[in-house]
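Student: Structure incoming, see below.
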């Protein structure tokens, strides 16, 4: 897979030289090309932003350097005989990233990322890009970051680990949270007893069918408590009647726990009260 990343901070992506992603790049499974947006400016100050039309706070990224950079990305793809890459624009206004989306991106031969900063990228850049390539605006969550770089790192790792040959044991990818529409259950390793806490006996039994059943039940319970909407989104018949009962029991238990107030004066109680916080006023896309 080819990945192009456009940013004013290309050094932000040094982590892609590490761990599984770095090894995948060294083996040629993943090819990452960084583009410095400022290389496509034509003034002494290498300006990439300006004040917004209509007024308002902050600055907006100018269209000219973005247009030239994306033209260069498409030209490189054409030189290698590849259709224009799928352009992903990280932004809090985009569609939420999911495991299904990561799987879809992993099937693409070429991805490009446009990392915005400040108040974002001039909208005409995306309008123009859509004339030549597919464009998807993607959010990694309902919060705001200072720029699109961190979100791009998240998306690249989520996608790259799905490529054949990146993860040593590909079966582990199939057991991940969200891979089957459920959160992954708890994991344990040696020693069997640590600080008085024991590994569940079933995991020591050697009974593979019982272990698989226990893991699925734990995944269902955890999903029911932490992300019940994922269970609601499963296709009809995905859960057996027994599993549906487990999920209902877990939800009921979680609801009762939430309704039980903490003891007076306990840490985190309303009487103690955490200090107030205010949301960040940083304004760009992730």
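Cβ coordinates are placed from backbone N, Cα and C, and glycine is handled just like the others.
The shown structure was predicted, so the numbers you read here are calculated from the model rather than taken from an experiment.
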Student: Write down the single range among 177-231, 232-286 that appears in Swiss-Prot as region 'Disordered'.
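Tutor: It is 232-286 that Swiss-Prot describes as region 'Disordered'.
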Student: What span in Å does the S-adenosyl-L-methionine site cover, taken as the longest CA to CA distance among 116, 140, 141, 142, 143, 144, 145?
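Tutor: About 17 Å separates the two most distant Cα atoms.
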Student: What is the total of other Cβ atoms whose distance to the Cβ of residue 144 (S-adenosyl-L-methionine binding site) is within 10 Å?
Tutor: 16
Student: Since the record lists 140, 145 as binding-site residues, which of them has the fewest other Cβ atoms within 10 Å of its Cβ?
Tutor: 145
